[in-house]
Amino acid sequence: MNNSDLAKEVVKLVGGKENILSVIHCVTRLRFKLRDENLAETEKIKALKGVMTVVKSGGQYQVVIGDHVSYVYDEVIRVLGIKPDDAPQDNPEQEHKSIFNKFVELISGIFMPVLGLLAASGILKGFLTAAVTMGLINTSAGVYEVLYAASDALFYFMPIILGFSAGKVFKTNQYLSAAVGAALVYPTLVDMYSSGAHLTFLHIPVILMNYTMSVIPVILAIYFMSKLEKVLVKFIPKSLQLIFVPLLLLLIVVPVSLIIIGPVSTYASQLLAKGALGLYSLSPMIAGFFLAGVWQVAVMFGLHWAFIPIFINNISVLGYDPINAMLYCTVFAQTGAVMAVMLKTRNQELRSLSITATISGFLGITEPAIYGVNLPYKKPFIMACVGSAFGGAIAGMSAAKMFGGFASGGIFGIPMFINPDGIGWDFWGFLISLVVAFSLALILTYFFGFKDKVEEVVIQTGEKATLDETIYSPLQGEIIALNDVKDEVFSAGIMGAGVAILPASGEIRAPFDGTVLSVFQTKHAIGLISKQGVELLIHVGLDTVNLNGQFFDIEVSESEEIKKGDLLGTFELDTIKKAGYDITTPIIVTNSATLADVITVNLGKHVDNNQKILEAKA
């Protein structure tokens with residue numbers, strides 16, 4: 001029975017959709033809250049292939065699935081007709097995440113619904129550029145105009161699309177959010193910016209900028225709107241909220257966005273441009289290293305617009321532009337990073353997205369690569385910036401220049417960098433900058449910037465039958481037999497063989513050398529795999545999933561390599577006890593069924609972290 005069929009059967013046998021109040025999952029179980037538990041056909045559920053057992057505890061109807069429960073949970077959500085992000089789940093506290101990680105997760109979450117459209121638009125736009133470059137189509141042709149509109153609409157009206165998506169993330173009115181995004185790219189305002197016109201609002205000067213294709217400004221605007229909306233609904237009577245809340249939000253958010261975001265973005269952009277020109281006058285190589293290294297970040301914040309007049313002025317006055325030549329490699333660096341992911345991942349969905357992003361990247365469109373793969377996985381984006389920096393330095397050092405017009409950004413724009421007087425070192429240096437940026441980003445990402453979790457698990461578990469494994473105690477405390485644990489899933493050995501510990505302290509240490517397989521959202525459980533392939537679950541306490549991460553702190557992340565004795569996490573032992581939870585901690589060898597034997601050591605004794613508790617025999 002596959003996950004989809006299992007989910008359908010479970011939903012039906014717990015009493016159907018109408019009997020389900022909520023559903024969440026922990027490390028191994030679907031945890032239902034039912035209107036009437038008597039409607040659930042427990043014995044039939046237990047008999048389902050893929051269900052280990054059923055437990056009724058703490059007001060929850062718990063269907064034990066195993067360590068692949070998250071996949072079944074996703075199917076349950078589909079059966080119930082709600083999206084995973086709308087479903088009630090255990091939400092861990094976010095205070096331990098860095099600002100950078102929070103920012104990346106936010107951007108990735110907002111872009112996630114439009115990734116397919118982003119990739120399709122990028123491919124179409126890239127092919128149109130290639131067709132024009134090769135003379136297959138004229139830009140004045142009706143076919144080109146229509147297809148270009150289809151391919152460019154997403155990029156041009158990005159603030160509208162992202163505004164709608166951000167509205168969902170920030171839990172505010174999505175249609176109002178889209179309207180705010182539309183105001184930022186309103187044609188009249190865009191035309192005023194292009195013509196250099198001046199605008200005031202209640203005698204306050206509005207510094208216009210081009211928000212088309214921008215990302216961060218609209219996200220900041222919707223975040224501000226979400227906070228303001230909460231304030232307004234407190235003071236406006238419910239009978240008036242339908243009209244007056246949207247009215248006041250539009251009256252406040254749009255002007256504030258234009259008046260504040262515009263100047264901040266403009267001044268930051270101008271400062272970046274002046275700094276780049278100043279650096280270039282001192283050292284083209286240093287300027288190329290710095291500017292190319294931060295360019296994609298600047299584009300995300302819409303800080304690149306101040307460079308457009310510089311490009312135009314250089315072409316008009318000098319007949320060439322050296323700045324754009326230093327920046328051109330950034331496209332190839334992002335493409336190299338996403339190609340590394342494509343080559344390394346065994347996840348078919350990620351590979352498919354990476355292939356599309358790689359193709360569009362070579363054609364000059366990097367948004368699918370950046371927002372679909374590189375930025376969500378963080379390190380590929382960083383490695384691409386490193387590759388860009390070195391590529392930019394080489395372009396600056398070789399005095400590379402762009403001659404006449406504007407390059408498309410991909411392989412078909414390269415001829416724009418050939419000097420009309422003949423090919424010289426400046427062009428060869430330019431080509432080397434592209435190769436270096438691409439290759440360096442690819443190599444760094446492949447070896448240091450991306451870990452494929454599927455690949456890791458398959459390789460390591462493939463070694464599990466070769467050696468025996470000694471498992472040391474991850475906690476200080478008393479060892480008790482697994483069958484003494486007051487939870488029938490653990491005590492019956494359904495999850496696997498092992499022991500349990502009554503902790504004497506709140507530190508969790510690595511019991512062997514290996515890798516972190518999983519860290520559950522609520523921080524109460526960690527999955528590990530040893531270098532010899534033994535899979536271990538450390539489950540701190542019973543039903544502690546209900547604490548939603550409170551009183552727990554995890555020091556490691558998924559796919560991180562660990563050494564015996566490393567600190568994995570901490571928990572507030574006494575506080576959890578006072579909250580009424582059984583702190584007994586099962587230590588389970590989850591793949592014990594594939595091993596010859598799992599032997600308990602030091603049963604009934606108090607152990608420290610450097611003492612054995614289990615021996616797994618292959």
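Each residue's number is its place along the chain shown, starting with 1.
Cβ coordinates come from backbone N, Cα and C, glycine included.
Listed in TrEMBL:
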| type | residues | note |
| --- | --- | --- |
| DOMAIN | 4-86 | domain 'PTS EIIB type-1' |
| ACT_SITE | CYS26 | active site, phosphocysteine intermediate |
| TRANSMEM | 103-124 | transmembrane segment |
| DOMAIN | 105-464 | domain 'PTS EIIC type-1' |
| TRANSMEM | 144-164 | transmembrane segment |
| TRANSMEM | 176-195 | transmembrane segment |
| TRANSMEM | 201-224 | transmembrane segment |
| TRANSMEM | 244-265 | transmembrane segment |
| TRANSMEM | 285-313 | transmembrane segment |
| TRANSMEM | 325-343 | transmembrane segment |
| TRANSMEM | 355-374 | transmembrane segment |
| TRANSMEM | 381-407 | transmembrane segment |
| TRANSMEM | 427-448 | transmembrane segment |
| DOMAIN | 487-591 | domain 'PTS EIIA type-1' |
- Query: Under an 8 Å Cβ to Cβ limit, what residues of the same chain, 6 or more beyond the ends of the transmembrane segment (427-448), are close to it?
  - Reply: 288, 292, 325-326, 328-330, 332-337, 339-341, 343-344, 379-380, 383-384, 386-388, 390-395, 397-400, 414, 417-419
- Please average pLDDT over the domain 'PTS EIIB type-1' (4-86) for the predicted structure. 85
- Task: Determine which residues of the chain contact the transmembrane segment (176-195) at the Cβ level, with the cut-off under 8 Å and only residues 6 or more beyond its ends counted.
- Result: 156-157, 159-164, 166-167, 170, 208-212, 214, 217-218, 221-222, 225, 246, 249-250, 253-254, 257-258
- Message: Is it true that the transmembrane segment (355-374) and the transmembrane segment (103-124) have 3 or more CB pairs under 8 Å, sequence gap of 6 or more?
- Response: yes
- Taking DSSP helix as H, G and I and strand as E and B, the domain 'PTS EIIA type-1' (487-591) has 14 helix, 42 strand, 49 coil
